[in-house]
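Structure first, then comments.
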Amino acid sequence: ALLSCKCEANSGYGDKWLFHGGCPNGYGYNERCFIKPGAVCCYPPSGR
């Protein structure tokens, strides 16, 4: 399962990905924020 993360500007939790390039395609993400170090939080969470 993907780790959860939270962005101050979003309600609820997103999916945490451990890379710099942004959110991966194919998961329906439409918002993101970056979390240090080297992670990105993607909304809306997939598979929940």
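Cβ atoms here come from the backbone N, Cα and C positions, even for glycine.
For CYS5-CYS41 (among others), the entry in Swiss-Prot reads disulfide bond. In the three-state DSSP classification, CYS41 (disulfide bond) falls within a strand.
Per Swiss-Prot, the feature disulfide bond maps to CYS7-CYS33 (among others). Of all the Cβ atoms in the protein chains shown, 16 others lie within 10 Å of the Cβ of CYS33 (disulfide bond).
Within the same chain, residues at least six positions away from CYS42 (disulfide bond) with a Cβ under 8 Å of its Cβ are GLY14, ASP15, LYS16, TRP17, CYS23, PRO24, TYR27, TYR29, GLU31, ARG32. What Swiss-Prot lists as disulfide bond is CYS23-CYS42 (among others), and the listing cites similarity to another entry.
Cβ neighbour count for SER46 (serine amide) (all protein chains, 10 Å cutoff from its Cβ): 15. Reduced to three states, the DSSP call for SER46 (serine amide) is coil. Sequence annotations record features per position, and here Swiss-Prot assigns serine amide to SER46.
Ranking the recorded positions CYS5, CYS41, SER46 by Cα distance from CYS33 (disulfide bond) puts CYS41 first.
Cα of CYS5 (disulfide bond) to Cα of SER46 (serine amide): a span of 13 Å. Put plainly, the disulfide-bonded residues CYS5, CYS41 were compared by Cβ crowding within 10 Å, and the winner is CYS41. Geometry remark: CYS41 (disulfide bond) versus CYS7 (disulfide bond), CA distance 7 Å.
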